[in-house]
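A.B. asks: Got a structure here, written out as structure tokens. Questions coming.
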Amino acid sequence: MKLLVVTILAGLAVCHGATKEEIVATEYLQNINKELAKHTNVETEVSWAYASNITDENERLRNEISAENAKFLKEVAKDIQKFNWRTYGSADVRRQFKSLSKTGYSALPAEDYAELLEVLSAMESNFAKVRVCDYKNSAKCDLSLDPEIEEIITKSRDPEELKYYWTQFYDKAGTPTRSNFEKYVELNTKSAKLNNFTDGAEVWLDEYEDATFEDQLEAIFEDIKPLYDQVHGYVRYRLNKFYGDEVVSKTGPLPMHLLGNMWAQQWSSIADIVSPFPEKPLVDVSDEMVAQGYTPLKMFQMGDDFFQSMGLKKLPQEFWDKSILEKPDDGRDLVCHASAWDFYLTDDVRIKQCTRVTQDQFFTVHHEMGHIQYFLQYQHQPFVYRTGANPGFHEAVGDVLSLSVSTPKHLERVGLLKNYVSDNEARINQLFLTALDKIVFLPFAFTMDKYRWALFRGQADKSEWNCAFWKLREEYSGIEPPVVRTEKDFDAPAKYHVSADVEYLRYLVSFIIQFQFYKSACITAGEYVPNQTEYPLDNCDIYGSKEAGKLFENMLSLGASKPWPDALEAFNGERTMTGKAIAEYFEPLRVWLEAVAVESLCHQRYKNVDL
């Protein structure tokens with residue numbers, strides 16, 4: 001590679017015009033994109049090996065290859081400084097060079113880079129290896145987050161049992177990482193400055209190519225917050241009725257251990273005790289899936305069928321040969337958190353997921369397969385463009401399908417929902433169930449990165465890092481931990497993405513724009529006609545719509561070759577992200593909640609208001 005770079009750069013000496021230099025630069029890009037794909041493929045392979053089997057040897061190999069790639073990226077950064085790329089006439093060439101100029105953590109000195117890899121590995125390994133003792137059998141101490149603890153948090157209605165598992169998990173998943181996390185923040189900041197950014201927050205926000213993006217999100221969140229407050233208030237009202245005043249206050253934040261999720265990020269698991277019309281059966285096809293003999297493999301085959309029905313790409317054989325679709329039973333430690341992987345070769349795409357046969361996991365399968373479809377659609381692009389238009393786009397694609405898959409119409413289509421009676425009460429129940437996932441998630445997602453931005457920006461004193469985290473959670477989500485937390489604890493890294501250095505804003509963006517995508521796809525498919533009750537947005541199924549599939553193809557095939565507003569425009573003609581489609585989708589629920597809040601004196605805000 002070095003000889004190739006030198007040869008190409010030598011051509012600059014004989015190029016006397018900008019046009020000739022740009023031709024040479026274009027040739028350089030063609031070659032360096034191929035080299036980057038090769039290097040990244042090797043690094044991804046060892047990362048896959050480590051995430052699939054956490055051993056000291058796999059960690060050593062991953063860190064070794066990552067360090068080698070960091071050196072390579074530094075060489076690339078030096079090479080591109082020799083090109084006057086900012087003056088070139090081709091917007092595409094300038095965009096590729098700009099992308100290459102961002103070296104990320106590779107900008108760190110070798111010793112710092114090695115230390116960063118060590119602390120990140122330590123945090124990720126700590127998270128993956130958490131085991132707790134059984135609440136009812138202290139001699140049994142092999143319960144892992146996925147699936148044992150998550151199933152208990154989802155299904156138990158015993159406040160003391162839930163408090164026990166919450167405390168045990170947070171004490172082990174978060175608190176031990178504090179010193180490593182402090183070093184991580186330090187090195188993250190150093191890397192940002194070496195890349196000519198002020199801090200790590202600016203690095204993450206730069207991916208969205210808009211200096212006002214943070215302000216835009218704040219504005220959208222404020223527009224959506226009244227609906228969140230309504231949902232929050234109603235859930236608290238119902239939980240208070242179920243558990244009583246001693247467990248759930250009528251006026252304070254919600255105890256997060258009662259919300260059916262370890263991080264209180266989505267609350268659909270407690271729908272059985274908070275649904276507006278409990279006499280109406282909730283849409284949950286988990287038991288039916290088991291009765292029909294569903295397997296993880298069948299769930300993925302059905303996801304593949306959905307994409308193909310829209311005229312999109314079929315999963316390649318490599319996917320089926322190399323993916324991990326169930327938790328291995330050989331006792332190994334692995335990262336069970338569902339993830340999709342691109343290996344930067346033709347058709348080498350994989351998913352690693354400890355899949356269980358449940359409705360929720362069925363939707364997760366479609367989410368992860370959205371990433372895979374994106375990988376396949378842009379794999380013809382140069383390496384630097386083989387990513388989403390922005391990080392949120394990548395997360396949104398599969399969620400659009402999940403919105404469709406979760407409708408009664410689609411579940412009836414595939415034979416999983418039987419004897420379903422559709423009326424207004426059933427519709428409100430279904431919308432409320434969706435809100436417990438989609439609306440509840442928004443403030444959670446925002447705080448995951450607002451917290452880390454504050455640390456990167458130095459806005460929170462190190463001696464108050466844990467308190468700062470819980471202040472944000474209460475301010476934005478109106479929740480609180482089940483036990484008092486102090487600076488002896490450190491709880492943010494108890495979320496996988498925080499321990500693993502994964503930017504979380506992508507999920508907030510995804511949960512906003514997926515409704516824009518969904519609305520446009522539904523209109524195109526003839527499944528949604530605004531202001532016509534026969535074709536409501538919340539029961540739209542885009543399965544089989546080649547026309548909707550073409551919208552996805554138009555956008556996904558661009559990869560990151562265009563700014564995200566261009567990609568959005570290719571899908572639906574819009575260039576801005578808004579919360580209007582969310583409001584449209586949930587309007588019937590908003591009207592119902594507004595009425596019931598008055599009738600039952602169910603307040604919306606979680607502070608200083610009485611029922």
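Backbone N, Cα and C atoms are what each Cβ position is placed from, and that goes for glycine too.
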A.B. asks: Could you identify, going by Swiss-Prot, the member of CYS336, CYS467 that forms a disulphide bond with CYS354?
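C.D. replies: If we follow Swiss-Prot, the cysteine bonded to CYS354 turns out to be CYS336.
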A.B. asks: What is the set of residues, excluding HIS367, HIS371, GLU395, whose C-beta falls within 8 angstroms of the centroid of the C-beta atoms at the Zn(2+) site?
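C.D. replies: The answer, listed by sequence position, is ALA340, GLU368, GLY370, HIS394, ALA396, VAL397, GLY398, ASP399, SER510.
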A.B. asks: Counting all other Cβ atoms within 10 Å across every protein chain shown, which of the disulfide-bonded residues CYS133, CYS336, CYS354, CYS522, CYS540 scores highest?
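C.D. replies: Top count of Cβ atoms within 10 Å goes to CYS522.
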A.B. asks: Including all protein chains shown, what's the count of other C-beta atoms within 10 A of the C-beta of GLU368 (active site, proton acceptor)?
C.D. replies: 20
A.B. asks: Compile a sequence-ordered list of residues in the same chain as ASN196 (N-linked glycosylation site), six or more apart from it, whose Cβ lies below 8 A from its Cβ; state 'none' when nothing qualifies.
C.D. replies: none
A.B. asks: Quick one: pull the CA-CA distance for HIS367 (Zn(2+) binding site) versus ASN53 (N-linked glycosylation site), whole Å only.
C.D. replies: 24
A.B. asks: What's the CA-CA gap between GLU368 (active site, proton acceptor) and HIS497 (active site, proton donor) in angstrom, rounded?
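C.D. replies: Rounded to the nearest whole number, the Cα-Cα distance is 16 Å.
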A.B. asks: Between CYS336 (disulfide bond) and CYS133 (disulfide bond), find the distance joining the two CA atoms and give it rounded to the nearest Å.
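C.D. replies: Just about 19 Å between their Cα atoms.
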A.B. asks: Rounded to the nearest angstrom, how far is the Cα of ASN53 (N-linked glycosylation site) from the Cα of CYS354 (disulfide bond)?
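C.D. replies: Roughly 13 Å, rounded to the nearest whole number.
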